[in-house]
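What follows is a single structure, written as C-alpha cells, with notes after it.
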Amino acid sequence: MNPCQIFASLVMSICCHILSSTAWSVNNFLMTGPKAYLAYTSSVQAGAQSGIEECKHQFAWDRWNCPESALQLSTHKGLRSATRETAFVHAISAAGVMYTLTKNCSMGDFENCGCDDSKIGKMGGRGWVWGGCSDNVNFGDRIAKLFVDALENGHDSRAAVNLHNNEAGRLAVKATLKRTCKCHGLSGSCSIQTCWMQLADFRDIGSYLKIKHDQARKLEMDKIRMRAGNSADNRGAIADTFSAVARTELIFMEDSPDYCVKNLSMGLHGTEGRECLQSGKNLSQWERRSCRRLCHECGLKVEERRIETVSSCNCKFHWCCTVKCETCTQTVTRYFCAKRHRNRRPHNHSRKRQHTRRG
C-alpha cells in the first residue's frame, strides 16, 4: 500500500479501516460520501498526496516524523488517539484537499466552478480595485468539508475535536492567502492597481499549521458530565469546553507517547537509527539541533558514518542527439542515532522540549 493510499484513507475518516490486502479506492469512500461530487475525486486524492508529503517535510527532524505505520494504525477504531500529532494530521489533510480543489477550480477543471468574481470592479482600498482571477476558496472550503467531515459521524468529544481540527486546516488555507496586484496607468505610473487573492504555496500552509501544532491546546473535558455518553449532558460538556477555543487553534485531548522509544503496537519505531543533521548550508536552528533532539535527549549517541554515493557527473551533449555522462563516486559524512555502550536514561527535560517551536 503506497503512502498516498494510506494517507488518502486517513483524510476521509480517521475511524475507517485500511485493508492490508487491498488498495484504498476513492469509490469505496464514495459509497458513503456525497455521490454528487464524483467529479472531484481526483482532486481529493491529489490533495491527500500533498498532505502526506507536507506532513513528512514538516516533521522530518522531529521525533515523530509522520510515519506511514502510525498513520495506518490510527485509522483503526481501537487505536485512535487524539494527540497533538493527530490534530496536525487532520488539519493538513483538510487543508490539502481544500487547496487542491480550489486550485483546480480556478484552473477551470470543473464545469461548475471558476474564479471568484464576486468582488470584481469593487474598490478594495486606496488606489486599487478588485479584478483578475481570485482563487475560489469558498468553493474549496465547501467541497472539502463535505468530503473530509462526512464520515466523522460520532457525537462524542473525539469526533468534535477531529471536526474542529479539520476546520482549522481549512481556515489555514484562507489565512495564508496572498494579494497579488497588477499596475495600470500611463508610462507605468501605476496610478491604479487591479488586485486578486491567490493561494499561497502549500509549503507556507504547512509551516503555518506546524506552528499551530507547536502551540496546540489540550482540552480538559468534564468527565462527570461525559459519563452520560451521547446525552444532552455530553453535548453540553463538549459545547462548554469548545466555547473558549478559537476556530484557528489546533486542539488535542491526550498527551503524546514517548516517541524516543520503540512501540510497535502503536506503529512507533523510536529514534534509534534515525538520521540527524550537524552541519550544512542553510540549515534552520531546528535542523541544526536535530542530533540533540533525536539522539542525545533520547539517551542515544550520534554515530558518524562515511558513505559512498554514486551519481552521474560531467554530462555533455553530443550532436545529435545524446547526452553522455561520467560516473562519479563521492564520500559523504552522515550522522545517525545509535545505542550507547551503556544504557542511559533520556534526559528528564526531553519531553518538555519535544514541542518547542522552531528557531
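Every residue, even glycine, has its Cβ placed from backbone N, Cα and C.
Out of C183, C195, the record in Swiss-Prot bonds C190 through a disulfide to C183. Here Swiss-Prot annotates a disulfide bond for C298; of C260, C328, C337, the partner residue is C260. Only one of C16, C66 is recorded by Swiss-Prot as the disulfide partner of C55: C66. A sphere of 10 angstroms centred on the C-beta of C276 (disulfide bond) encloses 23 other C-beta atoms. Between the C-alpha atoms of N104 (N-linked glycosylation site) and C320 (disulfide bond), the distance comes to 40 Å. Here the recorded positions are N104, S187, N263, N282, and the one with the most other Cβ atoms within 10 Å of its Cβ is N104. DSSP assigns N282 (N-linked glycosylation site) to coil in the three-state reduction, placing it in neither a helix nor a strand. Here is what falls inside 10 Å of the CA of C195 (disulfide bond) among the recorded positions C133, N263, N282, C291, C295: C133. Taking all protein chains in view, 23 other C-beta atoms sit within 10 angstroms of the C-beta of C66 (disulfide bond).
Sequence-distant contacts (6 or more apart, same chain, Cβ under 8 Å) of C190 (disulfide bond) comprise C183, H184.
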